[in-house]
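To keep things clear, I will list the structure first and then write my remarks on it.
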Amino acid sequence: MGSVRTNRYSIVSSEEDGMKLATMAVANGFGNGKSKVHTRQQCRSRFVKKDGHCNVQFINVGEKGQRYLADIFTTCVDIRWRWMLVIFCLTFILSWLFFGCVFWLIALLHGDLENQENNKPCVSQVSSFTAAFLFSIETQTTIGYGFRCVTDECPIAVFMVVFQSIVGCIIDAFIIGAVMAKMAKPKKRNETLVFSHNAVVAMRDGKLCLMWRVGNLRKSHLVEAHVRAQLLKSRITSEGEYIPLDEIDINVGFDSGIDRIFLVSPITIVHEIDEDSPLYDLSKQDMDNADFEIVVILEGMVEATAMTTQCRSSYLANEILWGHRYEPVLFEEKNYYKVDYSRFHKTYEVPNTPICSARDLAEKKYILSNANSFCYENEVALTSKEEDEIDTGVPESTSTDTHPDMDHHNQAGVPLEPRPLRRESEI
């Protein structure tokens with residue numbers, strides 16, 4: 001127990017390293033027996049970027065400006081803040097200028113600009129365009145300094161004051177509503193929802209599974225959270241039609257309801273590669289040479305605003321690591337659970353993962369090894385226990401139990417005999 005453990009597992013610490021591992025033939029049974037690196041002559045352009053933005057540009061859209069203006073509220077909510085502020089300022093300035101010109105024309109036609117002594121003006125103290133502009137601002141913003149005011153001499157002036165007040169209320173309601181809707185958008189909530197850099201393919205409960213990890217960096221919950229996934233690839237129909245992006249649903253438990261998750265700690269999403277899976281006929285070598293993209297989607301309601309948010313990411317074929325599992329991130333302490341996000345994107349290699357397709361595995365064309373290898377998660381738990389004993393100054397020789405006591409620092413993800421630990425999906 002006191003000896004230093006050697007690292008028998010390769011750790012993928014970055015997306016770049018993961019891509020290298022995914023495209024290289026590994027010598028210990030992962031490759032095809034030849035020291036050959038599989039590369040693609042044509043690499044698929046990513047349809048959904050890692051940050052969730054769709055890599056799509058629209059061209060030749062007829063009457064685009066008119067269509068956007070017809071839905072001006074959504075346009076204002078979707079545009080950037082700097083353009084929103086420009087629209088905000090221009091709307092008020094133009095309305096003030098318009099009604100300032102109207103009051104100046106009323107004064108001009110009534111002869112108020114000539115300053116005649118016996119002439120009762122339509123708007124008192126308005127003898128220039130500047131004065132008319134200031135009166136327009138005072139009317140719409142209800143400042144009312146008291147020097148300029150409308151009189152009962154001109155009914156048209158009274159009507160314009162009433163009309164400007166109504167228009168000002170409409171502008172205020174529209175601008176405030178657009179700003180509030182833009183501020184309340186759950187778009188920024190996606191910044192605290194993360195997907196793992198790489199997806200993995202490994203055995204789970206005796207079946208070959210595709211897995212990826214999702215996490216919530218906030219303590220506030222995502223209500224009614226659920227996940228979806230689609231595989232995008234090009235294909236040619238039996239009639240010869242070329243479909244550049246054929247969308248195929250990937251089952252993550254919709255029928256059984258396990259697609260709905262309680263996202264408090266990081267969770268590994270599992271897709272069982274069965275006969276209904278689009279990955280059923282893919283072996284490791286086929287995966288290395290494949291050209292497709294898996295789009296993963298996490299949806300839920302923001303707890304603070306009850307608005308629906310959607311977080312997206314994608315994995316190309318060279319970002320799927322065959323024969324890897326994720327490092328454990330959830331640990332059980334004395335009175336709480338601890339999540340270590342430094343391990344969130346890291347994976348380790350599982351040497352006995354079959355390299356055949358799920359179909360060959362189901363048809364018994366590949367014989368699984370019966371050798372039980374010591375699981376890496378158990379090694380993490382044992383190492384953590386040793387560190388606790390060193391920190392507390394308890395000598396290992398004083399322990400009478402041949403198995404380490406895992407009560408104080410259990411990894412909540414892997415069974416360890418003879419005292420089983422709770423699995424990550426059960427917490």
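Keep in mind that glycine also has a Cβ here, set from the backbone N, Cα and C atoms.
As annotated by Swiss-Prot, intramembrane segment applies to 129-140 (among others).
The intramembrane segment annotation in Swiss-Prot covers 141-147 (among others).
In the region 'Polyphosphoinositide (PIP2)-binding' (181-208), the DSSP tally of helix, strand and coil residues is 10 helix, 11 strand, 7 coil. Feature annotation from Swiss-Prot assigns region 'Polyphosphoinositide (PIP2)-binding' to 181-208.
What Swiss-Prot lists as region 'Disordered' is 386-427.
What Swiss-Prot lists as motif 'Selectivity filter' is 142-147. Across the motif 'Selectivity filter' (142-147), mean pLDDT in this model comes to 80.
Feature annotation from Swiss-Prot assigns topological domain 'Cytoplasmic' to 1-81 (among others); the stated evidence is similarity to another entry.
As annotated by Swiss-Prot, topological domain 'Extracellular' applies to 107-128 (among others), with the evidence given as similarity to another entry. Shown for the topological domain 'Extracellular' (107-128): DSSP residue counts in helix, strand and coil, namely 7 helix, 2 strand, 13 coil.
Annotation source Swiss-Prot lists topological domain 'Extracellular' at 148-156 (among others), citing similarity to another entry. Within the chain, the topological domain 'Extracellular' (148-156) has long-range Cβ neighbours (under 8 A, six or more residues past its boundaries) at 106, 110, 120-126, 131, 134-135, 138.
What Swiss-Prot lists as topological domain 'Cytoplasmic' is 179-427 (among others).
Residues annotated as transmembrane segment in Swiss-Prot: 82-106 (among others). When Cβ-Cβ distances below 8 Å are used as the criterion, the transmembrane segment (82-106) is approached by residues 76, 112, 122-123, 126, 128-129, 132-137, 139-140, 154, 156-157, 160, 164, 167-168, 171, 175, 178-179, 182 of the same chain, each at least six residues removed from its ends.
As annotated by Swiss-Prot, transmembrane segment applies to 157-178 (among others). With a cut-off of 8 Å between Cβ atoms, the residues of this chain six or more beyond the transmembrane segment (157-178) that come close are 73, 76-77, 84, 88, 91-92, 95, 99, 102-103, 106, 122-123, 136, 139-141, 150-151.
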